[in-house]
Ligand SMILES: Cc1ncc(COP(=O)(O)O)c(C=O)c1O
Ligand SMILES: N[C@@H](CCCC[NH3+])C(=O)O
């Protein structure tokens, strides 16, 4: 089941969104456990041809405790990018060996916490980070499991703000330098370097750029082995996209699975996958109430109580989220759907044909389960929207807000005095 209309009312699984609005008010995020689990199982099924793999949910897409717990029960580990996400993944029961730390600016404290937790791998973004990680590991009498993130210089064909694999992006080590950097890092006493990682961007529908990236990684693996390195793992990142507009396709996850199986057949590595959006996006909606319908020069403004503070994707990426009434009357209108925040970019839809709305109506923005609640803010002193998880006939407000880990905070002396000295000492 999913988000569907029954007796003219929108339901999440078996619970009506009317009832949820009564229970928690609006705006609110509503997640369907069944849709989340369906996507998680579909992703696993699509990769049935890959013998050795680890599936890691990209926690940044949705760190709500209940979501992570469901995915942990499905056997998913976590791709994390901060000490806060490490804490969230551990709290949800994800075993440390199924956690990978990515991220372009990890702090020394976060690296240390990852080592102390015993996580499966730390994906290095550049050489200096490897030197620091080695020093931290030596100080603990251990070797840090690490992969080198490589930037293959490929345009993922997605929105410029969410592409990560082009040569001018801040992510990873350029492919041309990867062999030399790997060589140098592999000599450090505190690193157990055992492979490479790649992630070229998010919301990818056309699989061709991913295939090119993976082929380049395959060539690099051959070259590394040729130089005597033992490559046991390759992290293929996330990035599969979903349909945000009615009539558009989701990324074809089964074609992706076949492509990966074909391209990596001779690699003889364990493959890691880090899907975020593909698992969580379709499983969530943002429930909102129409405050006012105000006449405009060309179209009326439908002013809703959700805003860019709840769902920033339209303001940030001009992203499209389908807007639909909870109790559609069958009539339609053309309108701008806007939020109440004092920013001209607080607009969800312009000149869009939508279900006809009158004051007080409930409506939803679809496909808001990934990069929705987690990117929200309290600008204009807005409260964070509650999140509700529906599972069959039951619904519960889920504790969502991850306590931001103090781990990310650095005192300046820590970083500037101790870290460089630790590197020199190693
Ligand atoms: C390293 C890494 N892995 C995984 C993801 C998850 O991406 P997506 O939600 O597109 O699957 C991201 C975000 O783009 C990322 O930067
Ligand atoms: N937050 C973005 C995607 C960034 C993915 C993380 N690297 C979105 O909403 O589409």
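Note that Cβ sites are derived from N, Cα and C of the backbone, with glycine treated the same way.
Quantities reported herein were computed from a predicted structural model and do not represent experimental measurements.
Taken from TrEMBL, the feature domain 'Orn/DAP/Arg decarboxylase 2 C-terminal' applies to 29-369. Annotated domain 'Orn/DAP/Arg decarboxylase 2 N-terminal' per TrEMBL: 40-281, in sequence order. Summarising the annotation, TrEMBL assigns N6-(pyridoxal phosphate)lysine to 60. Summarising the annotation, TrEMBL assigns pyridoxal 5'-phosphate binding site to 239, 274, 275, 276, 277, 371. According to TrEMBL, the feature substrate binding site maps to 277, 313, 317, 343, 371. Sequence annotations record features per position, and here TrEMBL assigns active site, proton donor to 342.
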> Among 239, 274, 275, 276, 277, 371, listed as contacts of pyridoxal 5'-phosphate, what is the widest Cα spread in Å, to the nearest whole number?
Replying inline: 15
>> Tell me which of the binding-site residues 317, 371 sits in the most Cβ-dense spot, judged by other Cβ atoms within 10 Å.
In response: 371
> Of the recorded positions 60, 317, 342, which sits closest to residue 277 (pyridoxal 5'-phosphate binding site) by Cα distance?
Replying inline: 60
> Taking Cα-Cα distance, which of the recorded positions 313, 317, 342, 343 are within 10 Å of residue 276 (pyridoxal 5'-phosphate binding site)?
Replying inline: none
> Who sits close to residue 239 (pyridoxal 5'-phosphate binding site): which same-chain residues at least 6 apart have their Cβ under 8 Å from its Cβ?
Replying inline: 156, 158, 199, 200, 201, 202, 203, 204, 210, 275
>> Can you go through the recorded positions 274, 276, 313, 342, 343 and pick out those with a C-beta less than 6 angstroms from ligand 2?
In response: 313
>> With the Cβ atom as the reference point and anything under 6 Å counting, tell me which of the recorded positions (313, 317, 342, 343, 371) are near ligand 1.
In response: none
> If you count Cβ atoms within 10 Å of each one, which of the recorded positions 60, 277, 313 comes out on top?
Replying inline: 277
>> I need the least crowded one of these binding-site residues (274, 343), counting other C-beta atoms within 10 angstroms of each C-beta.
In response: 343
> How long is the line from the C-alpha of residue 317 (substrate binding site) to the C-alpha of residue 274 (pyridoxal 5'-phosphate binding site), rounded to the nearest angstrom?
Replying inline: 22
>> Are there any residues at least 6 positions away along the chain from residue 342 (active site, proton donor) with a Cβ closer than 8 Å to its Cβ? List them or say none.
In response: 380
